[in-house]
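Written below as structure tokens is the structure these notes are about.
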Amino acid sequence: SEHKLSVAPEMDIMEYCRKEWRGNTPVAKKMRKGYEAVAQKFASIRRVRGDNYCALRATLFQALSQTTQLPSWLQSEDFTMLSENLLSKYDWIKQWQLKEKLGRKMGKISDEIKEYLILLRKKWKTISEIKGPIEKQEACDKLFKSEEEEYRLYEALKFLMLNTAIKLYSDDKNGRRVPVFSWLLFARDTSSNPCQLMHNHLNHIGHSGGLEQVEMFLLAYTLQYTIQVYRLYKYSTDEFITLYPNDPEEDWPVVTLITEDDRHYNVPVRMCQETML
């Protein structure tokens, strides 16, 4: 599986839709309408490998494909010290589970996560500095072919999501304003605090489960990107195009994904010329 492309080559959106949704059931009709609406804005679709990392993969792929600078949170001095700093405060983080290392005795987990964070920064910096769109796309394709590196990046993202959750939780406890999704995140029986969030949710992402809706908010907040999702099964409702977070910061870049069911995400590419103007 060394060179399977995690994000398939692009295909015309309507051609893809016709192949996937042939019948005349109400669901197929709704999906076709949804794809038609997306096709007003984007010409092609790229299918994303459907394992439990799919939401992370689609979001990171889109972010890297269009990045022109290193996000400020990746530039901070103490970014690479994050795992050591958090582990020194929260002993329970030692139970973080890394892909394919489940159930083994942890050496220095902070060293491994540090390595993943450094890799994320390095890859993001390299791709952001590529000027030509074709070269940039080739660099992304190459990265999303190298399974080992790719999964390290997802583990880095998950750890950054934990860090964001810890900050939001402590801000709320200290009476600072937090976004609404943060209350929802910690209102679940299974994640009433960051430790539970790690055990019951983040540790499972990529292994036995994907991202739930409220965790899409957490991902967007962590990356400081607005994630715009065409949710095709919600076509003709006001949730057809959903933004995470719903009140994004003005200066956050936007990435766009497509989902038919809130579980598997694909990426639309090639904005149609008129929408770019």
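Glycine is treated like the rest: Cβ placed from N, Cα and C.
Straight from TrEMBL, the features:
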ACT_SITE  Asp51  active site
ACT_SITE  Cys54  active site, nucleophile
ACT_SITE  His264  active site
SITE      Glu239  site 'Linear diubiquitin binding'
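Straight-line distance linking the Cα atoms of the residue listed as 'active site, nucleophile' and Glu239 (site 'Linear diubiquitin binding'), rounded to a whole number, equals 21 Å.
Distance between Cα atoms for His264 (active site) and Asp51 (active site): 8 Å, as a whole number.
In this structure the C-alpha atoms belonging to Asp51 (active site) and Glu239 (site 'Linear diubiquitin binding') are separated by 25 Å. Around the residue listed as 'active site, nucleophile', taking its Cβ as the centre, 21 other Cβ atoms fall within 10 Å, counting all chains. In sequence order, Arg231 are the residues near Glu239 (site 'Linear diubiquitin binding'), counting only same-chain partners six or more apart with C-beta under 8 A.
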